[in-house]
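Enquirer: The structure under discussion is supplied below as structure tokens; questions concerning it will follow.
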Amino acid sequence: MSLQMITVGHNIALIQPGFSLMNFDGQVFFFGQKGWPKRSCPTGVFHFDIKQNHLKLKPAVFSKDSCYLPPLHYPATCSYKDSLESEKHQYIIHGGKTPNNELSDKIYIMSVACKNNKKVTFRCTEKDLVGDVPEARYGHSIDVVYSRGKSMGVLFGGRSYMPSTQRTTEKWNSVTDCLPHVFLVDFEFGCATSYILPELQDGLSFHVSIARNDTIYILGGHSLANNIRPANLYRIRVDLPLGSPAVNCTVLPGGISVSSAILTQTNNDEFVIVGGYQLENQKRMVCNVVSLGNDTIEISEMETPDWTPDIKHSKIWFGSSMGNGTVFLGIPGDNKQAMSEAFYFYMLKCSEDDVSEEQKIFTSSQTSTEDPGDSTPFEDSEEFCFSAEATSFDGDDEFDTYNEDDEDDESVTGYWITCCPTCDVDINTWVPFYSTELNKPAMIYCSHGDGHWVHAQCMDLAERTLIHLSEGSNKYYCNEHVQIARALQTPKRSLSLQKPPMKSLHKKGSGKVLTPAKKSFLRRLFD
């Protein structure tokens, strides 16, 4: 095993605990930047390019028909194919935290729309679920199993906020273990079904999961309710006949006590577990080899790398698998120095052997840390997950350069979105429409339902009206919902006073004629 330090370009501030890595055809992509995406990278997805131990993050783009994907920290991700023989490679993203510290319950499917000269354009679609929809969570795992020519997603574990009826001001952000239910998700039809297995009694999060054909192995994890890391080793098998799926769980011996470990694959049937925690404030410095057979799993210790003093003394660490037995690690910088970096990064190579691209095993794992901006000690409530399978990659300089200056403003939400069916704001051709716009389109927040943002330009607002709305404190609504709930009422229409025609000044049938003095008086009155 070899350990090398990695230098990062000027966009190092984007790499924060909670990111994920995805691999498409040998190219690794970074997802989960801090804060909301900016104009310089509206998608929040970056090409993860390492050359000669130097890392560059280069912005990626989405297709026009993509949905808006918020930057999610600690989501569950896994690679997905329609079948083991399929060549179409996609990624499933579920759950996670937004920069506003809200939990997501959405499922996104990421795929490649086109690829030209190593520049990838992604397509992101949101999958609606019906049935037993899993609640919003983070720190969980999602894997894909294959049985009888069919595939199914398996979601397990994680943490969620306390129910709204139990949340108080002091404990508003307190989290609790999700129920230990196993969810089967049919990505084709959007159906979710929950299963209660007697072997799974306690909620778990930040465990390691390995999926192989129709079987998933669950290792380790942390129980928030009991504050323990039991030496768990579960085997969950899913059978997909023509009728209802069959799910069974078996408790196996030989488990390990660890949470938030990083899993990397060294060959078709062998994995390495790196990092993690064995106690609340104690890192687990031991590495393990996991060997899989047709119906067996073996876990044994292996030689540890020569950890640097910085890594040994650091209380927290985080990272993800880059594939080919390589792990990307990060530790907090030395806050005692005025010019110290926020994080230092390393690349750990567990094996020099290449992993076959035709491998039929997909992995997902979790790693953890707290928010280093709050305090130094590690807290399990801030553990989060990673999932990645990556091979070596050759980037080039065709990608645009990320402008880190845009990261100064964290108050805005996703203004580079398709805000309404008639939205024509293109991130590639946008030019200021109002004189008040500087580097982004003006947005109007529609208060209907849960609320959403709409471009002021798409609402056909006059600039005077836009300024008026921004200065006021009233709620307002977009064109689609203004008829449903209108808060800004325009003044009621009043009929203007019209001048009566001169001939009507005659009294009909009276035979009397107005004198010139009376006519002059009436003219002054109506004028």
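A Cβ is built for glycine as well, from the same backbone N, Cα and C atoms used for every other residue.
Taken from TrEMBL, the feature region 'Disordered' covers 359-380. Taken from TrEMBL, the feature compositional bias 'Polar residues' covers 361-370. The domain 'Recombination activating protein 2 PHD' feature in TrEMBL is assigned to 414-491. What TrEMBL records for C419, C423, H455, C458 is Zn(2+) 1 binding site. Annotation comment: TrEMBL describes C446, H452, C478, H481 as Zn(2+) 2 binding site.
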Enquirer: Binding-site residues C419, C423, C458: which have a Cα within 10 Å of H452 (Zn(2+) 2 binding site)?
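Expert: Passing the 10 Å Cα cut: C419.
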Enquirer: Excluding C446, H452, C478, H481, please set out which residues of the same chain place their CB within 8 Å of the center of the CB atoms of the Zn(2+) 2 site, keeping sequence order.
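Expert: Everything else in range on the chain: I444, Y445, S447, H448, G449, G451, V454, Y477, E480.
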Enquirer: Of the binding-site residues C446, C478, H481, which one has its Cα closest to the Cα of C458 (Zn(2+) 1 binding site)?
Expert: C478
Enquirer: If you average per-residue pLDDT over the domain 'Recombination activating protein 2 PHD' (414-491), what number do you get?
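Expert: A mean pLDDT of 75 is what the predicted model shows over the domain 'Recombination activating protein 2 PHD' (414-491).
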Enquirer: In whole Å, how far is C478 (Zn(2+) 2 binding site) from C419 (Zn(2+) 1 binding site) when you measure between their Cα atoms?
Expert: 10
Enquirer: Among the binding-site residues H455, H481, which residue has the fewest other Cβ atoms within 10 Å of its own Cβ?
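Expert: Counting other Cβ atoms within 10 Å of each of the binding-site residues H455, H481, the minimum falls on H481.
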Enquirer: Once C419, C423, H455, C458 are set aside, which residues in the chain still have Cβ within 8 Å of the Cβ centroid of the Zn(2+) 1 site?
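Expert: Near the Zn(2+) 1 site, beyond C419, C423, H455, C458, sit I417, T418, C420, T422, D424, V425, P441, V454, Q457, M459.
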Enquirer: Within 10 Å of the Cβ of C478 (Zn(2+) 2 binding site), how many other Cβ atoms can be counted across all chains shown?
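Expert: Taking every protein chain into account, the count is 20.
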Enquirer: For each of C419, C458, count the other CB atoms within 10 A of its CB; which of these binding-site residues has the top count?
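Expert: That would be C419, with the highest Cβ count within 10 Å.
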